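Trainee: These came from TrEMBL, pasted as-is:
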type: DOMAIN; residues: B:58-88; note: domain '4Fe-4S ferredoxin-type'
type: DOMAIN; residues: B:89-116; note: domain '4Fe-4S ferredoxin-type'
Amino acid sequence: MKIAVSSEGPGLESQVDPRFGRAAGFVIVDMESMNTEYVDNGASQVMAQGAGIETAERLSALGVGAVLSGYVGPKAFTALQAAGMQIYQDLDGRSVGDAVRCYAGGTLNPATASNK
Amino acid sequence: MRIAFASGKGGAGKTTVAASLAAIWPHPCLIVDADVEAPNLHLFLHPHLEAAQSVYLTVPELDSEKCTACGDCAAMCSYKAIAKLGAGLIVFADMCHGCGGCFEVCQANALKKGKRELGSLQWGSWSLKMGADQNSDQNLNQALGQTSSQTSGKNSGKTLLMGKSRVGEAMSPPLLRAIDGALAAISVGDAASVPDILIDSPPGVSCPAMTTARMADALVLVAESTPFGTYDFKLAHAAFKKLNMPLAVVMNRAGMPGNESGDAALEKYCAAEGLPLLARLPFDLQAAEAYARGYLPLLEQSANALIWQRRFGLLYDAVQRWAGGKIGQIAEPCSAVNICASGTTGAGHA
Ligand code: SF4
Ligand code: SF4
């Protein structure tokens, strides 16, 4: 399965971006191969409204199954749920690599409601 | 004649100015509260309000039986009110701007017309007596008699139209367009029977303020001459200038202690920009206190009130001279200027 981590930069050593919809980009990690790729989210960052929804659409189209971020707004949360993704919040304040390790370790609980 | 009153930010005094002018307006007059996020004119004018009429926006409702999840509607919606996620479609009706585009593109007829309440319109009639039970019309007419050519006994025919956003509703331009529609409806027939319309705008220079200004023939900017007030006023002037409509200025709280240079600076700016300065309303602690208690300074029962009635009588004359000359000169006031993309693109369907 692929997971997406909102990120301030392109690699595992970058910091988790606390924002979901207006994140600078996402590091997409394939949990089987551990390959990473970076998806820029600049187009959503500048939207007047609907940034979270568009970001959810983008990740959904990439076949992402889980999202790791800091704060996920209510509309984005609804959209991610509708797309069948698991959502992990409050992961800001650490590197993307750390967040992925926490996820892989199985200690994180998926969120049931938006924390924003 | 339709005149809007605006300011760069809240607190400059546009509500006091608009309401006070309406109070002494010697012809039938409709005052419109277009500050739909926080309407407050009714608190000063005490109208007999009729039942509120809800205003709705047409928004899509998904019939998932018919939807083929082609995604065409999601792709065309600029506001992300429809999203295609995986195999499913999700509609965020509260983000819809009512452009109607999605209905056009759906081949499967899977979008039904639903509605979202934007807010309400409410009409009311009022008279001076309601604003200040003790104040006599006689005093008022006396004051007017000294300043205005149109006098006594014609203070009847005062109505108020209040727009009010639903709590939690983020968009006000469609509700403002409903106000515009109501104004258009009363503006038919021969000119003599149409009341003069004074509009209290939303504060600031964003979409709602611009939408409101465009309903009017002329715009009065109410400005305070403090450093902050002047700064906001200049920003507002720069924004409203683009509408290419007659603009004038009322300086409020002039002569505030310690701000002598501020008055002069504001006057200089107006002169340099060719902006008529219709009045300098002085800073008056008693007036501020009256306002805080929910009274217009000119409707208070005090000697002070008479002075304020005179001042607004003079302002009425100045407005007549200015607007009477200006309105009509500009045939196409502002329709060509696209000042607010998000406020105009959603217009079609609303
Ligand atoms: S009416 Fe316009 S804004 Fe509303 S959902 Fe349809 S396309 Fe989007
Ligand atoms: S355009 Fe019609 S059929 Fe296609 S996804 Fe939208 S609602 Fe469904």
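Please read every residue number as a count from 1 along the shown chain.
Cβ atoms are placed via backbone N, Cα and C, with glycine included.
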Trainee: Count the residues of the domain '4Fe-4S ferredoxin-type' (B:89-116) that DSSP assigns to helix (H, G, I), to strand (E, B) and to coil, and report the three numbers in that order.
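Mentor: Taking each residue of the domain '4Fe-4S ferredoxin-type' (B:89-116) in turn, the totals are 8 helix, 9 strand, 11 coil.
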Trainee: For the domain '4Fe-4S ferredoxin-type' (B:58-88), how many residues does DSSP put in helix, in strand and in coil?
Mentor: 5 helix, 10 strand, 16 coil
Trainee: Need one number: mean pLDDT over the domain '4Fe-4S ferredoxin-type' (B:89-116).
Mentor: 95
